[in-house]
Structures are given as C-alpha cells and as structure tokens.
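These notes concern the structure reproduced below.
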Amino acid sequence: MATITVPQVVPSPVEDAEALMKAFQGWGTDEQAVIYILAHRDAAQRKLIRLAYEEKYDERLTDRLESELSGDLQTAMGYWVLDPTERQAVIANAATKCIDEEYPVIVEIACANSPAELLEVKRAYHAIYKRSLEEDVAAGATGNLRNLLVALVSAYRYDGDEVNGGLARSEAKIIQADVKNGVTADHGELIRVLGTRSRAQLGATFNCFRDEHGTTVTKALLHAPDTTGYARALRTAARCIADTDKYFAKVLRNAMHKSGTDEESLLRVVVMRAEKDLRGIKDEFHKRASVALEQAIAKETSGDFKTFITALVGTSQ
C-alpha cells in the first residue's frame, strides 16, 4: 500500500502551478511551499500540474525545480515529479553508467516490478534514450554479471501463482550445483532459472533449497568467493524476488548505518515505492530495526530534504 497522503479536496492543476510559481519568485525559493504541494499529490495529479505549469509559463516544471532546489532535495524532487515509469527509466540509465557499483538498482527495477510494469519501464527508457535498457546494461557490465543483469531486464515472467513442485525440486539442485562450483563457473543454468521463472515458482524453488540444505540460497552464496560483484548481484536478485518488502527494508536499514547515511539509496527507495508498497516495507523495517521508518529517517536527515522524505513516508498507523 502507498504511504503518501492526498487531501480529499485539492486545488486545480492551474492553481497548484500558480502556487509553485509564487514559491519560486521573490528572495529565495519557498521550499516548504513546494514540498507542501508536490508531496501531497499523486502521480496523475502531478502530471496535470506539470502540463498546466508548462502551458502557463512556457517552461518545464522539472527544469525550474532543478534551478530552484539543490542537494538531495533537488534529486529527490526531480525524480518525484516524473511519471513513475519515466522515473525508473531515468534512475536505471544513471545506474548503467557505473553498473559495477549500481547493479542493485538494475536488479530492483527488473525484479520488484510486475512483468507488465517492467515492460512499461523499458518502453519509457527506449522513448527517452533511443536505446534499449538491455543494450545499455550489456554495454556497461561484463562476464557473468552482464549475463545475469541482461537476463533479468529481458524477462517477461509468468505473473500467476501456479507452482510446479517437481520443477522446484530439480531446479533447487541446479542452484546447489552452481553455488558449489563457485562464482567463476559458467552459471548459465542458474541465470536461466533466476531470469525466467515466476516469482511464485522461484519461491517454491528457494523453499526446496532451504529444506534440502538447511540454509537459504542467499546465505549459501555468502560463502562464494567474489571479486567481480557477481555473487552479490545473485544474492540481491534472490532477496528481491523472494520478498520485496524485506529486501527494501534491508536497503533502507543499510542506508542509515552507523557509518553514515546513504541519501541516494534512501531517496531512491522512498520515491520509487511511496505510491506502491512502502507501507509494507515500513512494517518490515519496524520489525527488523525496532523503530518506525519515519523516526529513523528524521534522526538521520535534516532540513528540507527531511521534510520532503518524511512527508512521502507518512506516519505509522
């Protein structure tokens, strides 16, 4: 479930556009006014505001926000005002530029979306960049990491709940064999399984693996030597497919580690999931961290960025 709150009665898109222009004018930007409007409008409403703003002032709202805001607030707000599929396309494109470090972003977009949603993201990517997401991922990665990521972004998985128990048992054995061989082996079969099977089927396969070997797939992969990031990418994909809420809760916990706050990961998860499933992620975060997500964020962030992100996260019920 989503976490953003939208008033029952909102101004018209033109009125919101006018209020935003007023916030931009004068001595300095009124960031609080910008946040008050845009953090409490859903994707359809924000699109109408963008169109009304451009028609009335002959400039793109995204461009004006970029010039008026700065730092993490600028980045987060820039993503937020985009259409959800365009937002993911833009975030994916940035990740392809340094894919050895940013592969989790590609995995998240490939594995946390439904097949239909991933297809829409890829269509948006193609429209914006005149290239496919697959070719940019392939160009940015190498070796088994490239094979895995291309398989994930190319997938159009069955999205139903039917499971083949026999297949789950046999493919659990395939996973075990590839894990035993180490990450330097040719993992064509393992990549095939992760890149083609439905979420429900993979869940059954992971359960068979745990029942047979007394450990999870992700924990088994922890013991594989890894100098390329490939084993970490395998673990990331397995976690994201197995339990999306738990996966993103872990990303958020890692983003607010004692060693410092990873604002980029924090804003990415909140902005991408706030209108989709952030409430479930918040519940999982609270179970694991023993503190409400909004309280953790308030402690680790400050200023207008804190105001914006906590507005998207909402308050626990």
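The first residue you see is number 1, and the count goes up from there.
For all residues, glycine too, the Cβ spot is worked out from N, Cα and C.
Keep in mind that TrEMBL annotations are predicted by a computer and have not been checked by a curator.
Note that the structure is a prediction, hence the values are computed from the model and not measured.
According to TrEMBL:
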BINDING   Phe24, Gly26, Gly28, Glu68, Lys258, Gly260, Glu300, Thr301  Ca(2+) 1 binding site
BINDING   Ala298  Ca(2+) 3 binding site
Worksheet, complete the sentence: Thr301 (Ca(2+) 1 binding site), Cβ-centred 10 Å count of other Cβ atoms over all protein chains shown, is 20
Item to complete: Enter the number of other CB atoms within 10 angstroms of the CB of Gly26 (Ca(2+) 1 binding site).
Response: 8
Discussion item. Please give me the CB contact count at 10 A for Phe24 (Ca(2+) 1 binding site), counting all chains in the structure.
Written reply: 19
Response to the item:
Note: in the chain of Glu300 (Ca(2+) 1 binding site), residues six or more apart in sequence with C-beta under 8 angstroms of its C-beta are Met256, Thr261, Leu266
Practice prompt. Measure from the CA atom of Ala298 (Ca(2+) 3 binding site) to the CA atom of Phe24 (Ca(2+) 1 binding site) and give the result in Å, rounded to a whole number.
Written response: 26
